[in-house]
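S.K.: Dumping the structure here so I can ask a few things about it.
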Amino acid sequence: MGPPNSTTVNGSELPPKTTERCEAPRELKGIRKWLSENLMLLVTLSGVMLGVILGFSLRPFHLHEDSIMLISYPGELFMRVLKLMILPLVISSLIAGSASLNARMNGKIALRTLVYFASTSLMNAALGIALVLLIHPGDPDLHNSIDRSTDKRAVNLLDSLLDLGRNVFPDNLFQATFQQAHTVYLPKPSITNTFNETVSETNDTDEDPAVEAQRQDVEPALIRVIQYRSGTNTLGIVFFCLVFGTFLGTIGEKGQVVVDFFSAIFEVVMKMVTCVMWLTPVGISSVIAGKILSVNDLHLVMAQLMWFILTVTIGVVLYQFVIMQAIYYVVVRRNPFKFYAGLIQAMLTAFATASTAAALPVTFRCMNDKLRVDQRITRFVLPIGCNINMDGTALFISIASIFIAQMSGMTLGFGEIVTVLLTSTAASMSSASVPSAALVLLLVVLTAIDAPVQDVTLLFAVDWFVDRIRTTNNMLGDCYTAAIVEELSRKELMALDAAILYQEIPISTPNGHVSLEGQTELDSTCTMPDAVIVDMNAVINKVQHQQPHHQNGHANHKI
């Protein structure tokens, strides 16, 4: 028999042995291990499926607007909570990430990131143009079958680029948290017109009807006015945080308290994200079901614009499963589909919310916890990418602009196609990370090729669905950019780790372990590749080997 559960000594009962009370946790295997690792993914997928089933099941009942609003309400709260965490997440990740790198390293990473963003956006625009010319989804008969609005807007590419610069360099950081600068056209005030209006108001005599009609037909002169609209100016906040974090990393120990502060904020926000994600089935299903129920004549719209939706979908699939995977394999030399599988949860969240920024907390979680990408890179690249890198938007704008031109019976020459290519790329990089922002930018491209601007209203009926498809392209483009930039910056990261060991880390301690006094919390939590770890061990061994010689030299010097 084994030992008893308790032992009696001098009439007092002792507690049972530790080895009898505590058992080592059993390691999960097989299906249980897979379920434990992918539970959050299954929860997110179940929310998407439940929303689609619920939306199409309730459409035959023709619910009242109040009922649809109540169904959408949990999803609205879910979206508000996700957007609530965007600003602290972006600020803390950028400041902590840029402070962990030196200024020269920040410049190289930023240059590689921006070059890759511009290249992939140009590639998506070219892919969209090729597909829309090959499939030719624009049907001139559709042009007359749907009522169109006659509202026109004065827009051009120059205003969009200038507004981009104004938002990157805000004049008030606090105002940037809730307002964006944009250009509007207002009637030019004229002293003569004001005087005539005053006279006409005071004069009761009848005026010639022909003169009155001629006055009404004359369009007033418009002038540019810079105004502010509601919405977080994330670009300005990103720029300030990058500069602030870069200079914070140059002051050494004085700024370490601030770096630790923002690192702690980042960790707290990520824990909040983990808790919020357990509400995914309710939130995402409510968002999707409410959007499906709110669309009028769903079957008619899908049938009429089926070829347009199919063209965009083919472009998204080709880029995600062919072009993006090929680039990843050529640069990183690893299995791209394994990397893609680790991002499915973030992709489903981006699909449901139709916003890269709203899915940013989940994207961080997948990149850091599942795929183990260097946090110094993800904290630097992802916040910038969700505001600048819009691969899916470039694809959509190029397809939609030529689609509208085809419906109008326009024949585009080589010059117009090149104009669509360049303006789609430029407009996508100035897009806001909010749902349906591409429809506003589409006006810029249509104006550049002199296509009917009012036909944009045709796409509002299907943009709720197409927007979700192209948002997955935007989110995946940010993640693949971080992985590729990490691979291209591997040598610099290894050199930075070695410099930290040489300059800031005292090696030998009385117990023989390595003391990491100069290492920040961000560096300690950073997951480094195997090559970096081997290089660090070599540096440690070299320093430990040289230390006795230095000690002997000091001893001889004292003698």
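Heads up, the Cβ atoms here are built off N, Cα and C, so glycines get one too.
Note that the structure is predicted; figures quoted are calculated from it, not measured.
If you look up TrEMBL, you'll see 1-11 marked as compositional bias 'Polar residues'. The feature region 'Disordered' is assigned by TrEMBL to 1-22. Here TrEMBL flags 39-58, 78-101, 113-135, 234-251, 272-293, 305-332, 339-360, 380-405, 438-466 as transmembrane segment.
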S.K.: Hey, which of 113-135, 272-293, 339-360 has the most Cβ-Cβ pairs under 8 Å against the transmembrane segment (305-332)?
M.R.: 113-135
S.K.: Please give the sequence-distant neighbours of the transmembrane segment (380-405): residues at least 6 beyond its ends with Cβ less than 8 Å from one of its Cβ atoms.
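M.R.: Long-range Cβ neighbours of the transmembrane segment (380-405): 89-90, 93-94, 97-98, 101, 106, 109-110, 113-114, 117, 120-129, 131-133, 137-138, 234-235, 238, 241-242, 308, 311-312, 315-316, 319, 356-357, 360, 363-364, 367, 412, 417, 420-421, 424-425, 427-429, 431-433, 437-438, 441-442, 445-446, 449, 451-452, 455-456, 458-459, 466, 469-475, 477-479, 481-482, 485.
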S.K.: Do any residues, 6 or more residues outside the transmembrane segment (39-58), come within under 8 Å Cβ-to-Cβ of it, and if so which ones?
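M.R.: For the transmembrane segment (39-58), the far contacts come to 71, 277-278, 280-293, 344-345, 348-349, 351-352.
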S.K.: Under 8 Å, at least three CB pairs between the transmembrane segment (234-251) and the transmembrane segment (438-466) (pairs 6 or more apart)?
M.R.: no
